[in-house]
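K.L.:
Dropping a structure here in structure tokens format, bear with me for questions.
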């Protein structure tokens, strides 16, 4: 039978009033749950044995009396569901069979179909206006639906419901006036006995009221309306029009259905009758279980949900997997059947899910994200009046309990969500989001109005949790043995743990709390921890006092470094808005500074001594030419610099003094290392008979010192002198840092440079002897040997030795060795050249040797650069050898080249001048010289005048062997003679174009009684004479005025070199001639002012 829910507003004829269900709203709940958030024990999800038996009976009853076709993802077999329930309730097989038999013997429930007629669309318009006034008749037909045929398959007939269902079991919807898409949204409870032989039937009708023809004509709109009027005339008055029908077998329906169904016509006239939207649900009434009879349906479903979810979570934990909130098909099927059969609303199901999950979350481990779905569902459907007083209290208690539990987890988040577990950050973030969503719910705000804002609660939980975590860590680091040293180690471990925790807060946790709640976890934790840490560190340093042992100093240094790292994490005092407890903490460690500095030096010194003692003074490799001790020393210095950077003392003046001490210790270690490594080399060399091995060790020692010099040079950068100078600028005098630190450094570098030069000098001396020996041998080689062959022994010696040195020395030391060796080689060559001035052959060999040595020492850019090779000594030696190696005639030619240069540079005519015109007749191969005059000659006779004449010769004589000297007429007592004489020399053009080829004009004073006196000489370069190839032939030969000159008073080096060649007659004759002219010139020095 049908259950009455609401009454219709009108009573249509021939039908009794239909029973309907309408949604009702309850009155607002007057009393609210107290909102103080207190931490309490989480509610237990475990049932007592009696409750478990009742709930198990309820679950079995639900499965045994399931109705309808299964859902797509649900379990079909009843046996499978029963096995699952046995596992979920942990029931023994015998007990299970007994309970199953007892449940089967219970009375069956009453079966009902909860049918909701939602709406229709596209129905026929039966009225004259083109619309209809539709309503539905519906009910359950009993005793039909046999296998093999469907009621919808039988012959169509009118008034299906009226003909097949008794009037008292027929239900009717409201009439929707003038609509082709009516909306009813009316629910009916229809009882049935046997689902296999029952069908749901629905007829849709158009209500037809009694109206006059005149009224209908007034509603006429088109021809179709007229046709409808004529039809109305033929039918009985008050007879409704059939719109369509629907027949469904109950056994074909699912437990819940929500579909559009096509309406079937009774004839083929209008086959498309539209569609009707229906919702179905099979429900139970009068269930025979004890739980259903004694407890509300909502409470029973809540307990069943808790039991099954607890089993699901436990199963996943047993298989070492995390439950993701998805129920197994068996659990989903049982819960769906129970909620449907008990006719629980979606809201009550969401409420039960929230209560069950929130309770289980506090005792079982599963993702908090599973709570988001019930939160969203409750928020979407929340109407406070839908719940009873006890349900509101239960919901409020669940909010308070979960909030308190969540805050307790947040307070202990460091241990509850350890970073060692990969998904811990995601789990914490999910919990925070659940709490945020819960606190935003309308239900939470209405039921817990006095709860403080969530960010405030979380901040306080984090603050108290940080303090609790610190005390727990302090207890963990408590030493077993009491003592200052053990306390220092324990405090160091505590500070390091605190610093590590702050790093994790900044790197991981802070982002989560800030993104979800805009809470700065890092600042909160830092503010709490810095006060706790400061108190304990200060107490410890006071207990230590001023007497610091080396062991205590080491512990205090590590503690200082850890505190420095801790403070660097936090904000500056200005940014923090106040004074931090750890501001100026370095002052607590002042008594330990001497101990730290002494420990740093002692450790480094011991390491240096050990490194040198273990060093065999062999290169580490082809590219690394220093030994192991240099590497260890570099590491020692790097460690000292690292210690200084770690210390980074805040007080500028004290930081300057500490840096001075570090630099002093470093420089002292460098000099100690030099002494130790040299002593080690002597020790190892004493046991070596091979001198080559001793040289190898010396090379390694020099390289080690060079490596040390490079390391020492980096001290200003490693110790940040520039930054220190900026810091101490206000407390130190200007230049004090430069004077102190840089002088220390330069003194150490100078000492190292001296040691390096000493070592390189020793290596150079070993090579200098060999070079001098080979140069002396070069001079003694037979004259028949070519110079290129004569220098081969010297070059092979240098190639072997320099390759050896290049292999065993670093580039800086090798360059120093090359510089010293080059200087010595030039000295040896210069001495040899001075001793071989008279031997062109020996000088030629020395010249070629110098050229090859230059190439060897340059080594294609890998040796000395050109500016280091071309010293003044080299250039002078090169010039001397160039002259000494030249033949006598070439020297004579060089002499005249120098006289031509002197002539070109002379502008003064204090000795007088001669005027000539010279030209070359190429067709006749004649040199034509017109000697025009002389002027301003010196009076060389006692009468105050002279008897001048001019002697003309083509020089050098060996270039013009067939042309003798020519002379002009002698003029009596004339200082300005006008000669006007022409001379022609038959000479080819080629010798006239050679360097040094010239016309020598010697002006003499004729003396009858003795030798003629020299008035002066003038040199005319033949290469410039017009008419020679390359020179243009002018229309008129120009005059050339040549000042007279004297030979050089200090002697010419070419003449000196020629004079040394005693066996060369030509050279000796030329020297005698030039010496005679020089002697004549010396007798007539011009008076000043003439």
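Yeah, the Cβs are placed from backbone N, Cα and C, and that goes for glycine too.
Quick caveat, the model's predicted, so the values are computed rather than measured.
Annotations for this protein, taken from TrEMBL, read as follows:
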type	residues	note
DOMAIN	92-243	domain 'C2'
DOMAIN	557-677	domain 'MHD1'
DOMAIN	788-895	domain 'MHD2'
DOMAIN	910-1035	domain 'C2'
REGION	1027-1047	region 'Disordered'
K.L.:
Between 0 and 100, where does the mean pLDDT of the domain 'C2' (910-1035) sit?
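P.N.:
Averaged over the domain 'C2' (910-1035), the predicted model reaches a pLDDT of 90.
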K.L.:
Please list, for the region 'Disordered' (1027-1047), how many residues fall into helix, strand and coil according to DSSP.
P.N.:
0 helix, 5 strand, 16 coil
K.L.:
Go ahead and report the DSSP secondary structure tallies for the domain 'MHD1' (557-677): helix first, then strand, then coil.
P.N.:
93 helix, 0 strand, 28 coil
K.L.:
According to DSSP, how is the domain 'MHD2' (788-895) divided among helix, strand and coil residues?
P.N.:
92 helix, 0 strand, 16 coil
